[in-house]
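Engineer: Pasting a structure below so you can have a look.
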Amino acid sequence: MLKRLLSKCAEGETLTEAEAYEAMNAVMSGEATDSQIASLVSILRVRGETVDEIAGFVRAMRDRMTTIDAGDDVIDTCGTGGDGAATFNVSTAAAIVVSSLGVKVAKHGNRAVSSKSGSADVLERLGIDIPASPEAAKQALETKGLAFLFAPLYHAAMKYAAGPRKEIGFRTIFNLIGPLANPARCKRQVIGVYSTRYAEKLAETMRRLGSEHVVFVTGRDGLDECSIAAETDVVELKDGDIRRFVLTPESVGLRXGGLADVQVRSSEESAALLEAVMDGTAPASAIDITALNAGVALYAAGKAETIAAGVAMAKDAILVKTAYEQLQRLRRKEVVHGA
């Protein structure tokens with residue numbers, strides 16, 4: 001079956017959504033060989049993945065993932081990664097700020113692959129538990145408002161793609177679909193995308209898959225999140241409509257900053273800077289990039305009417321130590337891990 005689909009792709013044809021679903025199932029069942037997996041994703045990358053293909057892959061991934069019952073009022077802040085900018089874990093910092101304001105956050109992530117510090121790495125450095133089971137994650141969401149969903153725990157079938165992904169070394173469709181397959185089945189998200197050419201395809205995909213409000217962001221300085229140092233291209237899916245606009249720090253009440261103040265060399269430095277943001281002692285650029293990304297998340301969650309209002313709420317949460325109090329709450333060993 002996969003040989004037939006590979007041949008079709010090699011001839012320059014695209015896959016239907018159903019065929020893409022079949023292909024991804026072959027990958028996740030262990031039926032596909034490493035060579036077949038590498039060939040498939042390489043062909044798609046060179047030719048350009050279609051919305052049908054992305055949607056088929058995501059549906060297959062969602063059908064095989066372990067899920068948690070998180071309710072309808074949960075949001076995720078994550079990115080495709082691979083921006084190469086060596087910034088601290090901004091989306092993780094934003095998740096803490098957002099959860100301090102009463103919005104439940106199911107933070108989907110992993111360890112570092114190409115970055116200096118993955119979200120799992122920095123949480124461990126901060127002394128925050130990573131729930132060891134879906135049950136523990138659900139409890140963390142209910143008691144603390146934020147749970148980290150460690151991707152390998154929920155996407156065990158993706159282990160078959162690990163070898164080819166590592167050997168290939170370049171970004172493929174697998175980098176795109178991870179954020180679209182949150183185990184909490186979030187309908188509202190902020191997703192950082194490393195290239196604007198993918199943001200519209202991902203928005204179309206999420207519209208097809210039934211998302212309510214998803215904001216895709218790409219900094220023009222290469223960040224896969226809202227930048228404090230440059231304009232950010234935004235593609236917004238809201239209630240079935242897709243719109244595009246450009247976001248600047250100044251347009252939401254912030255001053256433009258410098259990337260140097262938000263860059264780190266290790267997970268230790270990332271954790272230290274994140275904590276400094278929460279207690280208000282970090283450089284202004286680090287505080288503002290956190291408030292900017294948290295503000296977009298508050299807007300996507302429906303907590304704020306506009307991004308500017310969300311940014312103001314987020315910055316206030318940092319300045320009055322609400323976010324720092326949430327960081328301390330997350331550190332407390334109250335969650336009992338499931339088996």
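Note: Cβ is positioned from N, Cα and C throughout, glycine not excepted.
Fair warning: this is a prediction, and the values are worked out from it, not measured in the lab.
Here's the feature list from Swiss-Prot:
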BINDING   Gly79, 82-83, Thr87, 89-92, 107-115, Ser119  5-phospho-alpha-D-ribose 1-diphosphate binding site
BINDING   Gly79, Asn110  anthranilate 1 binding site
BINDING   Ser91, Glu225  Mg(2+) 1 binding site
BINDING   Arg165  anthranilate 2 binding site
BINDING   Asp224, Glu225  Mg(2+) 2 binding site
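Let's see these features in context: how buried, what's close, how far.
Structural biologist: A simple way to gauge crowding: the CB of Gly79 (5-phospho-alpha-D-ribose 1-diphosphate binding site) has 26 other CB atoms within 10 angstroms, across all the protein chains here.
DSSP classifies Ser91 (5-phospho-alpha-D-ribose 1-diphosphate binding site) as helix under the three-state reduction. Within 10 Å of the C-beta atom of Ser91 (5-phospho-alpha-D-ribose 1-diphosphate binding site) sit 27 other C-beta atoms, taking all shown protein chains into account.
In this structure, Arg165 (anthranilate 2 binding site) is part of a helix by DSSP. The local packing around Arg165 (anthranilate 2 binding site), expressed as other Cβ atoms within 10 Å of its Cβ over all shown chains, amounts to 19.
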Engineer: His108, Arg111: which of these binding-site residues has the sparsest Cβ neighbourhood within 10 Å?
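Structural biologist: Lowest Cβ count within 10 Å among the binding-site residues (His108, Arg111) is Arg111.
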Engineer: For the C-alpha pair, I'd like the distance in angstrom between Asn110 (anthranilate 1 binding site) and Ser91 (5-phospho-alpha-D-ribose 1-diphosphate binding site), rounded off.
Structural biologist: 13
Engineer: Tally every other Cβ atom lying within 10 Å of the Cβ atom of Thr87 (5-phospho-alpha-D-ribose 1-diphosphate binding site).
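Structural biologist: Its Cβ shell of radius 10 Å holds 27 other Cβ atoms.
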